[in-house]
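S.K.: OK, TrEMBL features for this one:
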- B:29, B:32, B:48, B:51: Zn(2+) binding site (BINDING)
- B:25-294: domain 'CoA carboxyltransferase N-terminal' (DOMAIN)
- B:285-304: region 'Disordered' (REGION)
- B:29-51: zinc finger (ZN_FING)
């Protein structure tokens, strides 16, 4: 059963009707409904084009959070071989919100690290809905450090509502852990390429995304605060999230214009969840492209270029 | 009309004019409610003489009491593009900026200066919570970059006083990008093996804590300062229980190993002198009331 977002209701009706027609016809050989069903399919496709052609920033947030959207582990399984997960921060625990380990990308050994949200109630709880605790960031630091030492490029997949706001997380130094992870991103002498595949939630995302190259899927978002949070602070009304999403400029295209994202990866019509294989393939070729751009650069060049990139961010605003 | 009414009276009036004294001679400690005389407060660095509550202090006032003889040179900070996102909530961002500038008399939420503390040359940066909650936007990022570059150029320690709710929402992703940006600036210091000392003041939260405010070689906090990543209300909503007494306060963080020290504001200057001089392998400090550095003892900045 497909999961429809609120603004997709009209689409759900049309697709539901087509589905019903076909189900009826399966029980009755004489019925010829295919023409009618195909007409409905065309109508659905047109509507989909229409809806996704002009997604508002708030709707992009909803698509980025879509429960059926492919998540980190699915990308790893499809795009990497010999994935060997490595666990733990050697200090306190293993944080399942962060998945990472050695793997091969197009036969080249790399370190892949990402935030995993989970796909059903059980796995969502296991992965804490993609909200990492300090141990998750410290695991990432450990893996990046190791990759740096062995000269392996690092690929990160960013998809988190934000760092976990919890009692223990604060006690064990959530802020310090995030700061160290960002610091490590900027320190390693190997290529670091990052893809925002869903939600880039504030500091929790930055800690994984201070790389040489940052790509964003077309309908992913990356923001200083959730639109709901921003609305409740600045508008004093969490229901103003649509206005906040608009004002925050959190879409992939905005970030590309601002020089924060280096490339925008187009998504299949109707979002990554409607054609997972195509979305995953597009992310794969973006990773290959970005790693290719960085090939042959020395450690010093990679570090210097990464620093320059972040120091220069903000030197251009959005075109009015 | 004679010279007395023309000259003497206005002079006498001007000596006793109302402008000579602050509008509020007395203010109330926000913690214990004691009425405090303004001179008593400023002499005590805005610490309540009854309950030791550390009240807000502006970066400028802090620098007056921090540097020898109150003498410091402001470091120029590059002005970023104004309102890069054309952000507008209930108010326009430029209007909020103007209001904050009017309220504080400052250009932005961070002040950077060079000077000497106990004849120890340092670069200092201080964040102003009264300026839009001290929020970290591009200007604050530029200020930290300028402070780190100046410290690296002069070969001095950088002492940073943090105070902020977090990244500036009105600059959206560009506010957030100050986390990696300031981290790059600190790496420049790290490579030059220059000390970076953070003094966390009330409150320091969000993206500021999760970047430059937690990356110090030495982490000191003023007593009872609120320091954390997530807001207490958000945490309570998430975990569905009340938070323990003193949660996210300086002493709590010290107890959990997140800080080196919690130090009273009135002892901070001496402590910074001692720490900076040891890390810079300088001779022990000479204590006493030092005059402002004069032309004879001014340290010349090395030319590039």
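The backbone N, Cα and C atoms fix where each Cβ goes, glycine too.
Automated prediction, rather than curation, is the source of TrEMBL annotations.
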S.K.: Compile a sequence-ordered list of residues in the same chain as residue B:51 (Zn(2+) binding site), six or more apart from it, whose Cβ lies below 8 A from its Cβ; state 'none' when nothing qualifies.
M.R.: B:29, B:31, B:32, B:34
S.K.: Once B:29, B:32, B:48, B:51 are set aside, which residues in the chain still have Cβ within 8 Å of the Cβ centroid of the Zn(2+) site?
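M.R.: Near the Zn(2+) site, beyond B:29, B:32, B:48, B:51, sit B:30, B:31, B:33, B:34, B:36, B:49, B:50, B:52, B:53.
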S.K.: When you scan the chain for residues with a C-beta under 8 Å from the zinc finger (B:29-51), skipping those not six or more beyond its ends, what do you find?
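M.R.: Long-range Cβ neighbours of the zinc finger (B:29-51): 22, 57, 61-62, 65, 264-266.
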S.K.: Of these binding-site residues, B:29, B:32, B:48, which scores lowest on Cβ atoms within 10 Å?
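M.R.: Minimum Cβ neighbour count within 10 Å, taken over the binding-site residues B:29, B:32, B:48, occurs at B:32.
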S.K.: According to DSSP, does residue B:51 (Zn(2+) binding site) fall in a helix, a strand, or coil?
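M.R.: Reduced to three states, the DSSP call for residue B:51 (Zn(2+) binding site) is coil.
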